[in-house]
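Input: a single structure, listed below in structure tokens.
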């Protein structure tokens, strides 16, 4: 029983369970396959489908309730609530679309889409909060891998549906309603924070490298499978084989907790060494010997220490600060110094959401995320129209490719940002600045519309956008603590639809419609010319295309604006880097020494 108990409480088992949750949590990414079924069954027009899309985006991003409940409820309760919402929302939609229930008005359908999609905010919150708390020293890889699987879940669910291959088109809605709920309920007692695992083990690095290898293999495999299915008419048997291999790749990570728990040789003492006990000068810890805690007199240290102390190597800096703190503590004990009590937490300690909202660092992170990820999401949402305006007949290949690059961006963003903080003790937001430079270049390539730039732009936008959602949540947990991470993370997710609303709703759509109208007037003026009287019979066909814009001019100005705003986002990220150097030096300086 000891071995099995250790297996159940193994943090790597929790991580693998969270991967499975995230692999089916991206319900919103399947909406592009669901909406045509709803449109044809309920005889909706494009405006009505767009309303459902807005409800989907809101449900996907508004996670305040999930974030707040994560502070009070166990993780299994969060997962169960999310599964119920997912099942009820999309289950009722399936009953309506399949004719088993009377048709509801559009506003009621929007509510059902919101409820069903909002379930994934509970999945995301439970998975991320549990694993970030279980792996406090590996936040970048953990967030990157989990968010990567969430981004890839659309491709995974689509492949499973291709295997089912039933004549009823509404079956995909049934699969979205039942499939994720079943997986989440099956693992809801596994995905949770587990105690006693703040241990620095040599096996962690090799375990993460194994997971990274599986991720890269999975991305390459899905890319190849999607290309084959798009270019070749495969038999149902081959599709089943492809899907079985996909399941195998998803299950493979379970090897890690099995090996760590049931391997025959005992753990070496080196692996079992606990992380260094927090020093008395560490943020947020109380002194055991005195009435004044170190966080109370920390503000005095900031006032008294010379500026050159921050430039010293980690060991020397810690010695100097410890010596100064000892002097201040002694002076406070004899009454020579009146200690100032600082109100509220400092960066690196546990903030509530309201405490974080009054901090400049939080808004720098939020605005940088809004400009970067918001512009990337705008390209993703409009990729079909962008490719069609440039003359590509099949936009699905670009949609599939950007999904894979988004996945790899999340994986790579988590990995490289972790190298920055662990090997160099440098602020993680510098990786955010690099991702925004990549996005700025990607927008520029799309705007130029040179031959082949659709492929290059898709690569850059996918990588840059995906990296944001591995880097920003990890940085938020470092600067504002783990205790209320669920609420902080779900507030940051609002940056995604907010940025998309600005760039897509207010800028891209207006410029696109304006250019389409210009082209329409040009076509109509040509038709009205006496020299072209013989072509007047073609006028009805052209009138149908008056709202369609063709050429690079359709998105040129939008893309250049977004490229410029990403440069502003780089500046915001670098300001955050400058402001948080001391915090990251205190968090990761010891691990380097």
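Glycine is treated like the rest: Cβ placed from N, Cα and C.
Note: TrEMBL annotation is automatic and uncurated.
The feature transmembrane segment, as given by TrEMBL for the ranges 119-140, 207-228, 273-294, sits at 207-228. Under the criterion of 3 or more C-beta pairs below 8 Å, with sequence separation of 6 or more, the transmembrane segment (234-260) and the transmembrane segment (429-449) do not qualify as touching, having fewer than 3 such pairs. Among 356-377, 455-476, 555-578, 455-476 has the largest number of CB pairs under 8 A with the transmembrane segment (144-164). Recorded stretches compared: 76-98, 170-195, 207-228, 455-476, 488-512; the one with the most Cβ pairs under 8 Å to the transmembrane segment (555-578) is 488-512. Beyond its flanks by at least six residues, the transmembrane segment (429-449) meets 365, 368-369, 371-372, 375-376, 379, 386, 390, 409, 413, 416-417, 420, 456-457, 459-461, 463-465, 467-468, 471-472, 475, 552, 555-556, 559-560, 562-564, 566-567, 569-570, 573-574, 576-577, 580 of its own chain at Cβ-Cβ distances under 8 Å.
Residues 44, 49, 52-53, 56-57, 59-60, 79, 86, 90, 93, 97, 109, 116-117, 119-120, 123-124, 126-128, 130-131, 134-135, 142, 145-147, 149-158, 161, 169-170, 172-173, 176, 179-180, 183-184, 187, 190-194, 207, 250, 253-254, 256-257, 260, 399, 403 of the same chain lie 6 or more positions beyond the ends of the transmembrane segment (12-38) yet place their CB under 8 Å from a CB of it. Touching of the transmembrane segment (356-377) and the transmembrane segment (170-195) is ruled out by the presence of fewer than three CB pairs under 8 A, sequence neighbours closer than 6 excluded. The average pLDDT for the domain 'Nodulin-like' (11-258) in the predicted structure is 87. Against the transmembrane segment (455-476), stretch 397-417 has more CB pairs under 8 A than any other of 170-195, 397-417, 488-512.
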